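Below is one structure, written out as structure tokens, with a few remarks after it.
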Amino acid sequence: MTRPKPVVLCILDGWGISSRPEQSAPDQARTPNFDRLMRGCPHGTLVTFGPDVGLPKGQMGNSEVGHTNIGAGRVVAMDLGQIDLAIEDGSFYENAALGEFIRKLKASGGTAHLMGVVSDGGVHGHIQHVIAAARAVTDKGVPVVIHVVTDGRDVPPQSAMGFVTELLGELPEAARIGTVVGRYYAMDRDNRWERVARAYAAMVRAEGLPAPDAAQAVADAYARGETDEFIQPTVVEGYAGAKDGDGFFCLNFRADRAREILAAIGQPDFSAFDTGRRPEWAALLGMVDYSTSHDEYMQAAYPKRQVVNTLGAWVAARGLRQFRLAETEKYPHVTFFLNGGKETPEEGEDRFMPASPKVATYDLAPEMAAPEVSAKLVEAIEAGYDLIVVNYANPDMVGHTGSLPAAIRACEAVDKGLGMMLEALEKAGGAAVVIADHGNCETTIDPETGGPHTAHTTNPVPVIVFGGPEGAKLRNGRLADVAPTVLDLMGLDLPPEMTGTSLIGRA
């Protein structure tokens, strides 16, 4: 057959397959274009969690893990498992960068400020990493203040009290909790600097709502009607803020939602909001590399391992043109993560990132920037790129709110975009691989509590090939098989590093 051009990799972020259609937004939504694909095209399912994507057994996937594996075309061992193993075998406590951090604080006489998401969700961080770091630092005689970031998004919306109680029970004597802050404020990634400013004010200047202890901070938030994600920055009695000679250690291992708060804390030329006089930090440490700019003022306990010969790099090496498209909420995913942790575009790689709407939560604007993404996708198809990667954020971002009516509207907005894409591809003679990176909006009710379900799932996700070889069949697989499938459609061989295999079987 004639090689299709362009080939579109269309990622429906958070669109899983549920066995309970009554609570599934994709099942309840009117999606004629997705339905057309499922009726008329080869399709299968993908595994997006656990060892199939480089995570511990049973651990749900997420967008970072998903896009990393998609772009790599191989199973990539993720940071969660690496850090868990280091804590288990004791090597974490001998980590060179952590040792240097401790030495600098012993020399300055300062306090170590530890910030991390306190839950067992395992998407951005883990409570056990916070506990291990507190022990490692206090064992060497350095006092610790912990800045608790409450989750409620990758775990049930009102589970923080249990995690705070667990943390308090495990902390060494020389460690205490200084602040309690919902991730809505501390872990923004879309330039909502007014939120980040409030988290910064609490952690660094001890300015926020008062509470006698961390458990009461959570209880007070619940009394105000706030769930864990949205707990307003709260300062625990006795915490007076950071001072010159202190150090700051971010325990989150996922980059995208750590970058903004860390820039406010340490970036020399930071100007997004007025931080006032910042402490002269003796040391700044991250669990991982957060970006090349962060590397200029922070060390990393576990530096990123470069993934070579990704989908984008291989296409670029063949002299072909590619286009990356997503609204700003998913900007890092189709660029940094898909390119194996590389910030800069590949040769011949163009990008367009329309702004996500500035609303408090995305159930208030479930269409998000999908209309603009869809219009730009049609333009890119008509422009003659060889490869286009597009991410629709709606199913995931709206799914995180737990609102089924809003998630239905989100899926319908994405389906309109699918219709526009299919029409443009038919005119251009192109093809598409339509997938999801993990599930979310297909489960809106928590089966255990009966309340809203806001986390990712371990459900299978769809994979569909449009415009592929005549009579082709599709087998089931995992995310590592996506890049080989795309390269197969493009008529390209695989780099030796790609151990995934094409899902396309020919008659």
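Just so you know, glycine gets a Cβ as well, placed from its N, Cα and C.
Annotation comment: Swiss-Prot describes Asp13, Ser63, Asp437, His438 as Mn(2+) 2 binding site. In sequence order, Asp13, Gly14, Gly16, Thr48, Phe49, Met60, Gly61, Asn62, Ser63, Val65, Gly66, Asp396, His456, Thr457, Val461 make up the list of same-chain residues 6 or more apart from His438 (Mn(2+) 2 binding site) whose Cβ falls under 8 Å from its Cβ.
For the recorded site, Ser63 (Mn(2+) 2 binding site), the DSSP three-state label reads helix. The feature active site, phosphoserine intermediate is assigned by Swiss-Prot to Ser63.
The feature substrate binding site is assigned by Swiss-Prot to His124, Arg153, Asp154, Arg183, Arg189, Arg254, Ala255, Asp256, Arg257, Lys330. Around Arg257 (substrate binding site), the C-beta neighbours below 8 angstroms that are at least 6 residues distant in the chain are His124, Arg183, Met187, Asp188, Arg189.
Swiss-Prot lists Asp396, His400, His456 with the feature Mn(2+) 1 binding site, giving sequence analysis as the kind of evidence. Its Cβ taken as reference, His400 (Mn(2+) 1 binding site) is surrounded by 24 other Cβ atoms within 10 Å in the chains shown.
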>> Please list, in sequence order, the residues in the chain of Ala255 (substrate binding site) that are at least six apart in sequence and whose C-beta is under 8 Å away from its C-beta.
In response: Glu64, Val288, Asp289, Tyr290, Ser291, Pro332, Phe336
> Which is it, of Asp13, Asp154, Asp396: the one of these binding-site residues whose Cβ has the most other Cβ atoms within 10 Å?
Replying inline: Asp396
> Which residues, same chain and not among Asp396, His400, His456, have a CB within 8 angstroms of the centroid of the CB atoms at the recorded Mn(2+) 1 site?
Replying inline: Asp13, Gly14, Asn62, Ser63, Arg153, Pro395, Met397, Gly399, His438, Asn440, Cys441, Thr454, Ala455
> For Arg257 (substrate binding site), what is the secondary structure by DSSP, using just helix, strand and coil?
Replying inline: coil
> About how far apart, in whole Å, are the alpha carbons (Cα) of Asp437 (Mn(2+) 2 binding site) and Asp154 (substrate binding site)?
Replying inline: 15
